[in-house]
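Visitor: Summarising the annotation, TrEMBL assigns transmembrane segment to 79-98, 118-137, 157-176, 196-215, 227-251, 288-308, 347-368, 380-400, 412-433.
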Amino acid sequence: MENFKRILQHTEKLKASPPTVYEQQYLLGFRGLLVIETFLHVFLQTFVPVAVAQSANTDGHLYQEIIRKSLSVLFWNEYLLYGAIIFLSARSIAIPFIRSEAKDRSSRIARSVLCRNIALCLPVAVCLAICKVAFTRKNLNAVLHFRTMTGNKSMEVPYFIPSTLAYFNSVFNLFWTTHDWNVSSGSTAFPSQTLWMINAVYVQSYTVYMTMIIIPYTRKKWRVHTAIGFVLTAWWVQSWAWYTISGLLFCDMVMNMNFQSCAQRGIPINIPHRRFQRSDGTPRPLRVPVWIPAGFCLAAGFFMQFAWEAWRPDLFDKEYEYHTGLYYTGGLNLEYATHHTFARDDIYLILIGFFTLLETYSVLQRIFQNRLFVYLGKRSLSYFLIQSIIIYTAGIKVFTQTRQYDGANFPSSTIAALVTCLAATIPAAELFYRLVELPSKVLAHRFFDVLVK
């Protein structure tokens, strides 16, 4: 019995400092919603590409085209997902620093920087190792056969990692390069070609770290004005930083500027008219409900997205022309087809409008605090890394077997693939979360504790 107690005591010592404890659980819930939407996007782009916005496959059944021009823009829009992930990351990672006391700020930012490196690098390294093992030349030929058989122009066959050294370089470059992330070998070796998002989030986190350290030492008004200038500059150079700084500004306003109560009172507008003055002559500002400008941003962003998808798809990429062209010219971005990030104006308006409403109204926050969304949000990284592998292995094999060899029709094969992917992804992501992601966080925090103690 004594030995058992000693083992328990030793186990307690191995426990890491808890990872970030969110004061705003609804942010985790929003991450959970993104988990569902990213799964839908990857699955539909693989099996029903006509139903995905901005798909290279534009001709198909009428119901698929209707879905592409309606539901797809709202629920599995890849550009909305990219922007939301980066915006939400910036909104979240500054919370521990802003919440910490003055004496703990230096250690808090040091912990954040070090632990984020390890907590991201190890799961990504394991994920790419799984890709190297799973996608042999035989399996890649099966993916190519599926792509040819279905006429899917929207998916790419993953890059074959030829050696252990190439694997190491692929992982290393995901956390080293600062541009052209989507063409790195690590991203192209990953099914769905979206692992570059980890690279973008990782690089942009340093924008947050370098900017948030001024928050305790500057005036609130100055921070808001400076952030607006930063956003405009970052927009001009077509950097993800305009999303990042906007997310950080929301975090600052919510935690330091009493944003919710101010927003619920409305936006004050002083009108120089006798009707808008008190009896003593002092101005009585008109209060505009915050849902009006927020709703306008949402409506404008979605209107543009629907217009480019359903009416003028030829204009979808035109906004990239009006930025400076980084890394290859000093002029405008005239080669936007090959030189641009996926940061878009319409998506930015959608996110600004949505987060304004989310941070203002408690009823929306309670919706996103439901247990399912929070549960998925805590495992969002694991789902992101695992679901594409499952879809490109088990899902494609089931679809090919039922469609080509068993004679099933297209809807039946797609449903069979969907059931298989869900049945495999949920337990696989949970295993990855418990065996890889959580231990990575534990190791990161314990390693930091060892360094400082």
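Indices start at 1 and increase along the chain as displayed.
The backbone N, Cα and C atoms fix where each Cβ goes, and this holds for glycine too.
Unlike curated entries, TrEMBL annotations are predicted automatically.
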Visitor: Counting Cβ pairs under 8 Å that are 6 or more apart in sequence, does the total for the transmembrane segment (79-98) and the transmembrane segment (347-368) reach three or more?
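Guide: They do touch: at least three Cβ pairs between the two stretches lie under 8 Å.
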Visitor: With pairs 6 or more apart in sequence, are the transmembrane segment (118-137) and the transmembrane segment (380-400) linked by at least 3 Cβ pairs under 8 Å?
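Guide: Yes, since the transmembrane segment (118-137) and the transmembrane segment (380-400) share at least 3 Cβ pairs closer than 8 Å, they count as touching.
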Visitor: Which residues, given as numbers and ranges, are at least 6 beyond the ends of the transmembrane segment (288-308) yet have a Cβ under 8 Å from it?
Guide: 53, 69-70, 73-74, 77, 79-80, 263-264, 266-267, 269, 315-316, 345-354, 356-357, 360
Visitor: Residue list, the transmembrane segment (412-433) vs rest of chain: Cβ under 8 Å, 6 or more residues beyond ends.
Guide: 39, 43, 47-48, 123, 126, 378-379, 382-383, 385-387, 390-391, 394-396, 398-399, 402-403
Visitor: Between the transmembrane segment (227-251) and the transmembrane segment (380-400), are there at least three Cβ pairs closer than 8 Å, leaving out pairs fewer than 6 positions apart?
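Guide: No, these stretches are not in contact.
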Visitor: Under 8 Å between C-beta atoms and at least six residues away from its ends: which parts of the chain pack against the transmembrane segment (157-176)?
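Guide: The answer is 117, 120-121, 124-125, 128-129, 131-132, 135, 137, 140, 143-144, 147, 184-191, 193, 195-196, 198-199, 202, 392.
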